[in-house]
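Remarks on the structure that follows.
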Amino acid sequence: MANRSQLGFQDASSPIMEELIEFHDHALMVALTICSLVLYLLTLMLMEKLSSNTVDAQEVELIWTILPAIVLILLALPSLQILYMMDEIDEPDLTLKAIGHQWYWSYEYTDFKDLSFDSYMIPTTELPTGYFRLLEVDHRIIIPMESLIRMIITADDVLHSWAVPTLGVKTDAIPGRLNQTSFIATRPGIFYGQCSEICGANHSFMPIVVESVPLTHFETWSSLLVS
C-alpha cells in the first residue's frame, strides 16, 4: 500500500517486482551518468575556446558512436531477462481465473469445484472503520504465500486491466481472449490494485484486493467455501 507523499515504488511482494525495481534503479543510474557527462561536456565547451582539436577529433567521434551502443546493451540485457521471467510459467500450484465486468471482477478457482465469486467495491457509506476508501471489496482473493499462482484473465464486455503493483502484475483483460500471467507472493499481507484500463463511467470503482496467507489458512478457507 502506497503512503502519502511517497516518491518511490511500493514494497515488492514478489520476485518479479523485486527485479523490476532493481532494473528501474539500474536504468536511473545509467541516465544519471549520461546526463552528468553531457552537462560536463557542455560546460567545458562553453568555458573553453573552440579549436580544431575539439571539432575534428576522430577519436572523440568514435567514442560517442560506440558508447551509446554499449549503454543500450547494458539496458537491453537485464530488460530482456525480466521479460522472459515474466512470460515463463512452469507448473503452477494454483490457477485463478479473473473475469472483468462493468464494473466488478469475477473470480474462479479452477482447481476447485464450485469455488467462484464476484468481487464488488464496498461503498463509502458501508465501509467499516479503518478500511481504505475506494480500495476495499466485499470478497478478497485468497492465495497461499510462496506458491506459484497462474492468473488467467479475460473480460465479459469491454477492455479491462488486472493490475496489482506490489506483485508486479498488470495484464489486459480482453473480451474473447485469455491472457495469462503468474506471480509468487513472498510474504503474507493484503495487496491492493485497480483496473488500469479506462472501461467506462465507473472505471475508478473496480478495486482488486489480494490477500496472501499461509498454506494451512488457505486450505481451511477453501474447504469452508467448497463445503
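The backbone N, Cα and C atoms fix where each Cβ goes, glycine too.
Annotated domain 'Cytochrome oxidase subunit II transmembrane region profile' per TrEMBL: 1-90, in sequence order. Taken from TrEMBL, the feature transmembrane segment applies to 27-47, 62-84. Feature annotation from TrEMBL assigns domain 'Cytochrome oxidase subunit II copper A binding' to 91-224.
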Problem set entry | Taken over the domain 'Cytochrome oxidase subunit II copper A binding' (91-224), the model's mean pLDDT | 91
Problem set entry | Composition by DSSP (helix, strand, coil) of residues within the domain 'Cytochrome oxidase subunit II copper A binding' (91-224) | 19 helix, 63 strand, 52 coil
